[in-house]
Amino acid sequence: MVVFGITTISPTEFSGTISAPDIKLNMGSDSGKDPYATTFLRQRGYGWLLEVEEDDSEESKPLLEELDIDLKDIYYKIRCVLMPMPSLGYNRQVVRDNPDFWGPLAVVLLFSMISIYGQFRVVSWIITIWIFGSLTIFLLARVLGGEVSYGQVLGVIGYSLLPLIVIVPLLLVIGGFEVVSTLIKLFGVFWAAYSAASLLAGDEFKTKKPLLIYPIFLLYIYFLSLYTGV
């Protein structure tokens, strides 16, 4: 007869803890904090999973700042053009040295809106003459030895249309008096041409200033003819 002996073992003899390695997969953390997961992914070509794009949290800028429109600067340039006398103390060179696009464009569009009465096709002509007339003055200035950019000429020619805008209400009031009306037109053209020429015809032209002033004068005569229809 065979007797099998069964030995009982107390459960307390197997007590204890089994610890497993703590492996964390943090996709945005530094590689030094989880070297195993990072090495594992990089070795198998999945390192791109660890790249996290940083969101640009730039504050939204105002619309005028986004479009690079400085209303104070435009207002100062308008005063410089309307009051070209050096005795008034304005730094008129800022119109030439710090050119902008939106101010002259607004002036040209305003002149176009004034000239639109009865002759709608004139609007496109005014903008075209502004762009290509400024280009002609720019090329002439460069040939004569001037150091100006096309943007500077475009801005000065555009801003200097303001005197013609100022005389328009006077022409509407005294349009019946032909002699007075002619004098006001000549005054407006001289005013605009002087504002532009005094900024563009600098000292570098020396004795060649009339060669630049004359086409500027003709350009503003043509601008005024587009308004009057003559």
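Keep in mind that glycine also has a Cβ here, set from the backbone N, Cα and C atoms.
Where the annotation comes from TrEMBL, it is an automatic prediction and has not been curated.
Pulled from TrEMBL, these are the features on record:
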- 91-225: domain 'Yip1' (DOMAIN)
- 101-118: transmembrane segment (TRANSMEM)
- 124-144: transmembrane segment (TRANSMEM)
- 156-177: transmembrane segment (TRANSMEM)
- 183-202: transmembrane segment (TRANSMEM)
- 211-229: transmembrane segment (TRANSMEM)
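Listed by sequence, the residues of this chain that lie at least six past the ends of the transmembrane segment (183-202) yet keep a Cβ under 8 A from its Cβ atoms are 81-82, 84, 92-93, 95-96, 137, 141, 146, 148, 152-153, 156-157, 159-164, 166-167, 170-171, 174, 209, 212-213, 216-217, 219-221, 223-224, 228. Where the transmembrane segment (101-118) meets the stretches 124-144, 156-177, 211-229, the count of C-beta pairs under 8 angstroms peaks at 156-177. Secondary structure of the domain 'Yip1' (91-225) per DSSP (helix as H, G, I; strand as E, B; remaining residues coil): 108 helix, 0 strand, 27 coil. Per-residue confidence over the domain 'Yip1' (91-225) averages 84 (mean pLDDT, predicted model).
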